[in-house]
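If you check Swiss-Prot, you get these features:
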- K13: active site (ACT_SITE)
- P101, V102, A103, S104, G105, I106, G107, G108, G109, S110, S111: ATP binding site (BINDING)
- D143: active site (ACT_SITE)
Amino acid sequence: MIVDQNVAFAPAKINLYLHVTGRRSDGYHLLDSLAVFAEACDVLRYRDGDQAAGLGLQLEGPGAETLRAEPDNLVLRAGRALAALAGIKPRGTIMLDKRLPVASGIGGGSSDAAAALRLLSRVWGVSPAAEDLHRIATSLGADVPVCLEPGTYRMRGIGERLEALPAMPEIGLLLANPGVPVSTPEVFRNREHGFTPEATLASRWPDMAALLRDLQLSRNDLQPPAMRLCPAIGILLHALEGLPGARLTRMSGSGATCFTLFDHPDAARDAAQLLQAQSGMGGWCWGGGLYKTASALDKTTL
């Protein structure tokens, strides 16, 4: 059950591992990744309006100053594409509370676009076929399809080939960003030559120990080049590894956000408070659990 029909959450996407497995003739890299979603999220709210005014976007929150409500914003592009598919005129205003850091390796913009598709489908009363929605999502970006229905996924291809996996065991997640944006194209350009085979994964993970066994045999191929471009990532990873109860620490996506796994969400919250209290810790930090459903989020999120 949705808490509010006019509200949608855009949770952070975390790549627990990321292997670069090849490269297409058009230059796009092929990936193999295990993606989950955290309770940390942006929040989208819809206010109805006149069709003559079209669809508008208002930005607020900590990350708003780094974005612009211009026509090429992914949220507006998603709305226009959905309206075109449904044969209607886009209308209303989306208020985007930007809480996640921008250009940080956790799919914030992609998740915002996917949340906009879910939200506008609901408030405009349209029911696009799943394949049509997936096609729109893919046209917006390789990371948008996985964000349509947040869960646990194996991502392949350029990110558009998705395999839904069984739910994760309960784990804690600490996310931290040093406050330095990292360019994804630059990270790929600075990657060493060669490719990594796809990871071997179990069919399910009954507990944290089973999950860690698989993750310890994998890696993030983009972490070394990102660390060369942004030394603050290495400093942050070292700090995360030293936190009490830390089980696995790694960078997500192309950075600069890093994560640490804990046995329980409460342990991750405690560690986040400790990290924030440490001298010199700037940027952004969050601790909690995995995203389950919109209604499962604490109402204080709103």
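Keep in mind that glycine also has a Cβ here, set from the backbone N, Cα and C atoms.
Note that this is a predicted model, so its numbers are computed, not measured.
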What are the non-local neighbours of P101 (ATP binding site), defined as same-chain residues 6+ apart in sequence with CB under 8 A from its CB? G63, G108, N177, G179, T257, G283, W284
Spatial neighbours of S111 (ATP binding site) that are distant in sequence (at least 6 apart) but have CB under 8 A: A10, P11, A12, K13, F37, C41, D42, L100, C147, P150
Other than P101, V102, A103, S104, G105, I106, G107, G108, G109, S110, S111 themselves, what residues in this chain have Cβ atoms within 8 Å of the centroid of the ATP site's Cβ atoms? A12, K13, L100, G253, T257
G109 (ATP binding site) and D143 (active site), compared by Cα position, are separated in whole Å by 9
Cα distance (Å, whole number) from G107 (ATP binding site) to D143 (active site): 7
Least buried of the binding-site residues G105, G107, G109, going by other Cβ atoms within 10 Å? G109
Tally every other Cβ atom lying within 10 Å of the Cβ atom of A103 (ATP binding site). 19
